[in-house]
Amino acid sequence: MVIINSTRFDFLDIIEPVTTYTDGYLLSLNLGMPPQVFQVYLDTGSDLTWVPCGTNSSYQCLECGNEHSTSKPIPSFSPSQSSSNMKELCGSRFCVDIHSSDNSHDPCAAVGCAIPSFMSGLCTRPCPPFSYTYGGGALVLGSLAKDIVTLHGSIFGIAILLDVPGFCFGCVGSSIREPIGIAGFGKGILSLPSQLGFLDKGFSHCFLGFRFARNPNFTSSLIMGDLALSAKDDFLFTPMLKSITNPNFYYIGLEGVSIGDGAAIAAPPSLSSIDSEGNGGMIVDTGTTYTHLPDPFYTAILSSLASVILYERSYDLEMRTGFDLCFKIPCTHTPCTQDELPLINFHFLGDVKLTLPKDSCYYAVTAPKNSVVVKCLLFQRMDDEDDVGGANNGPGAVLGSFQMQNVEVVYDMEAGRIGFQPKDCALHS
């Protein structure tokens, strides 16, 4: 395998394996020299790429649940163990971006640089610590660092290892509800595809079904570059919408939802456009697990489903899981895939009808018992207090990663559109 250290090659594509986790999808991030390897969430709803930093026992994650308790140390990046690690400087564009500053001199002023040094761009003090917020009250605290990131690539079909120096990422010492790190794939300058120079082209992913969760032997591909956009004539493309207030999200327009062959339930007009204050539209967010839809539109969908599904409701499981519709499904043979639950279709701008794979809508929340399994609809209500991606005003709906399983999704940045194609991602990896 050839090793190169630049992304400035024509016909270069990045091809990284993606694994299924319990609530999202993970990339392996190789940072430093020699490389230190971390599993991080793939998140199109944010820009910052970060990993836990310090010793394995010093990283603190509050409200991260039993799975990530202090009895199970979280792997952490050690800057001192990387010969290529550097702190990001206060005058860099990445430092200005992470601090959301309108004045590029603010970060250097905050760390005490003299006026002549920061006015001339010669201040060598590090970028001050940052806080970075996510939806649902999640938060990380850390500092910016630069190091080599090693990726798997391909030039004319020849496999290569790509060492990219100077990759800027967050070295995080503590967090709330964010235990293992994130690879930011948004449209901002800090995002991984932006730093690698692929946001002028595009990328794609094809997520495995959640039945492969925690199974490292099964992966699918994340592709960045021309290869992600090739041979997509049979895809269903819908235009990306633009937001002045939240320009880094991937917005699309949702016009309605239909159940089976029924007529579409019209979405509110706000879901197919974005107003001047940044409200409306639907974002494609792999960092959110379930699709969120607003009321009364969401309630109308639930009512339509309840009227056509003849299985007995499981009100007990609805109470215990928090999901809105759960049904008792006869199951004589595992994996209990044979049922009469209806298909769900999304209708996007551009006369696009995306029929979701059934496993992307319903999930068995119990094991079979007495030849019955309980399956729930894995959609959720978009509450008024939802704070998607840390944005104060914003998206009217969210397309989550669970509904993207077994659907190849193409982010065509050249043409300003997003494409969908249902397929078995386990067979096309």
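All positions are counted from 1 along the displayed chain.
Yeah, the Cβs are placed from backbone N, Cα and C, and that goes for glycine too.
Those TrEMBL annotations? Automatic predictions, nothing curated.
Here's what TrEMBL has on this protein:
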- Asp43: active site (ACT_SITE)
- Asp285: active site (ACT_SITE)
- Cys331-Cys376: disulfide bond (DISULFID)
- 25-421: domain 'Peptidase A1' (DOMAIN)
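Per Cα geometry, Asp43 is the residue among the recorded positions Asp43, Cys331, Cys376 nearest to Asp285 (active site). Between the CA atoms of Cys331 (disulfide bond) and Asp43 (active site) there is a gap of 35 Å.
Sequence-distant neighbours of Cys376 (disulfide bond) (same chain, 6+ apart, CB under 8 A from its CB) are Leu317, Glu318, Thr321, Phe323, Leu325, Cys326, Phe327, Tyr362, Tyr363, Val365. Listed in sequence order, Gly24, Ile182, Ala183, Gly184, Phe185, Gly186, Asp285, Thr286, Gly287 are the same-chain residues six or more apart from Asp43 (active site) with CB atoms under 8 A from its CB. Over the domain 'Peptidase A1' (25-421), the average per-residue pLDDT in this prediction is 91.
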